[in-house]
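Contents: one structure, followed by commentary.
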């Protein structure tokens, strides 16, 4: 019985960690999910965004005390506007998705929501990390050697 409990705890700790993508693995995944060139945004810009928002970590979260919202997942999608965490006051949930879905190792839901974010007039500029680290920079290094 102790062995079953210990095994359960070990598996739980592995699950909680989530997936941390390798750079090229993420580039290939984002390309397969249709982000390369989506709304005119290069694959390199998407990978740069993910690097600076979450360091390629699907389980990344960041609480924002000002509006009591939280950013979720590989793209750090915010609960005030885009997803529902059941806690953020006045949440919009424009992606019509649970914020927990943005923390999955399978990032298809996160990509779908990111596509919704960039369909707004602000586009990819909605992400502060993209503006601070990727905008008007040579981002080709983020897909270099990835064969994409």
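Note: Cβ is positioned from N, Cα and C throughout, glycine not excepted.
As annotated by Swiss-Prot, signal peptide applies to 1-18, with the evidence given as similarity to another entry.
Annotated domain 'C-type lysozyme' per Swiss-Prot: 19-148, in sequence order.
The annotation disulfide bond is assigned in Swiss-Prot to 24-146 (among others). Under the three-state DSSP scheme, residue 24 (disulfide bond) falls in the helix class.
What Swiss-Prot lists as disulfide bond is 48-134 (among others). For residue 134 (disulfide bond), the number of other Cβ atoms no farther than 10 Å from its own Cβ, over all displayed protein chains, is 22.
The active site annotation in Swiss-Prot covers 53 (among others). Using a 10 Å radius centred on the Cβ of residue 53 (active site) and all shown protein chains, the other Cβ atoms total 22. DSSP gives residue 53 (active site) a helix state.
Cβ neighbours within 10 Å of residue 71 (active site), excluding its own Cβ and spanning all shown chains: 23. Feature annotation from Swiss-Prot assigns active site to 71 (among others).
Sequence annotations record features per position, and here Swiss-Prot assigns disulfide bond to 83-99 (among others) based on sequence analysis. Residue 99 (disulfide bond) carries a helical DSSP state (H, G or I). Sequence-distant contacts (6 or more apart, same chain, Cβ under 8 Å) of residue 99 (disulfide bond) comprise 70, 72, 77, 79, 83, 84, 85.
If you draw a 10 Å sphere around the CB of residue 95 (disulfide bond), it holds 22 other CB atoms from the protein chains shown. Per Swiss-Prot, disulfide bond is recorded for 95-113 (among others).
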Query raised in the report: How long is the line from the C-alpha of residue 24 (disulfide bond) to the C-alpha of residue 48 (disulfide bond), rounded to the nearest angstrom?
Result: 11
Query raised in the report: Going by C-alpha positions, which of the recorded positions (48, 53, 113, 134) is nearest residue 71 (active site)?
Result: 53
Query raised in the report: Far apart in sequence but close in space: which same-chain residues, 6 or more away, have a Cβ under 8 Å from residue 48 (disulfide bond)?
Result: 130, 133, 134, 137, 139, 142
Query raised in the report: Any idea what DSSP makes of residue 113 (disulfide bond), helix, strand or coil?
Result: helix
